[in-house]
Amino acid sequence: MGLVILTGFMGAGKTTAGIELGKKLNLPVYDTDQLLEEKHRMKVKEMFAEYGEEKFRNFETEMLQSLSDSPAIVTTGGGAVIKEENRHVLKTKGQIFFLHCDFDVLYERLKEDTARPLLKEKSKEQIEKLYESRLACYLDGSVTINTTGKTPEDIADDIISRL
Ligand SMILES: Nc1ncnc2c1ncn2[C@@H]1O[C@H](COP(=O)(O)OP(=O)(O)OP(=O)(O)O)[C@@H](O)[C@H]1O
Ligand SMILES: O=C(O)C1=C[C@@H](O)[C@@H](O)[C@H](O)C1
Ligand SMILES: [Mg+2]
């Protein structure tokens, strides 16, 4: 079976749906942002401030490479699939599901957020550009799950029906 990997833009609900999926499949859930926070003993936001995005991306690549391919759910950070190298690693370890969500819904979830460093001081238009620039990366090698208007439980059921 390998890993069940959830990708998608910030706020798509990867972490939230992943927890539901873990419960339903009785599998462990690993969230790459949380693993990085435990390993480096600081919040993602602090890693960006202390080391910058490029170094954070290197930490993220190391983390993805170190994942075992034993059955588990992996919920990735929103930028984990930007690098081709990372997409390749994930494809070899399991099945990738892209949680697609309408941008306006995502924006409503993200507009008050202060934890995600890439949203800091960005306009709605700038965030939408980032979202659009990443779509091809999310679509590469993945099964798309339309999440707009669905609960985390519906999303988990949809993923299970495609395993
Ligand atoms: N299906 C859903 N319906 C409504 N709200 C949701 C849904 N999934 C997640 N949310 C809410 O949206 C916010 C973002 O969810 P979550 O943290 O799971 O996103 P994420 O994809 O893991 O984001 P990131 O890439 O930043 O890690 C949370 O406040 C969560 O409660
Ligand atoms: O979309 C992104 O690039 C990010 C999403 C988050 O999950 C974190 O990994 C970090 O805030 C960067
Ligand atoms: Mg998350």
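Cβ atoms here come from the backbone N, Cα and C positions, even for glycine.
Quick caveat, the model's predicted, so the values are computed rather than measured.
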Notebook entry, point to check: Since TrEMBL lists G11, A12, G13, K14, T15, T16 for ATP, which candidate among R116, R162 does it give for that site as well?
Noted result: R116
Check: Do you know which of the binding-site residues G13, T15, D33, G78, R116 end up with C-beta under 6 Å from ligand 2?
Finding: D33, G78, R116
Next item on the list: Quick one: of the binding-site residues G11, K14, T15, R116, which has its CA closest to the CA of R57 (substrate binding site)?
Entry: R116
Next item on the list: Report, in whole Å, the straight Cα-to-Cα distance of T16 (ATP binding site) from G78 (substrate binding site).
Entry: 13
Notebook entry, point to check: What is the number of other Cβ atoms found within 10 Å of the Cβ of R57 (substrate binding site)?
Noted result: 17
Next item on the list: Give the three-state DSSP assignment (helix, strand or coil) for K14 (ATP binding site).
Entry: helix
Next item on the list: For G13 (ATP binding site) and R134 (substrate binding site), determine the Cα separation and express it in whole Å.
Entry: 17
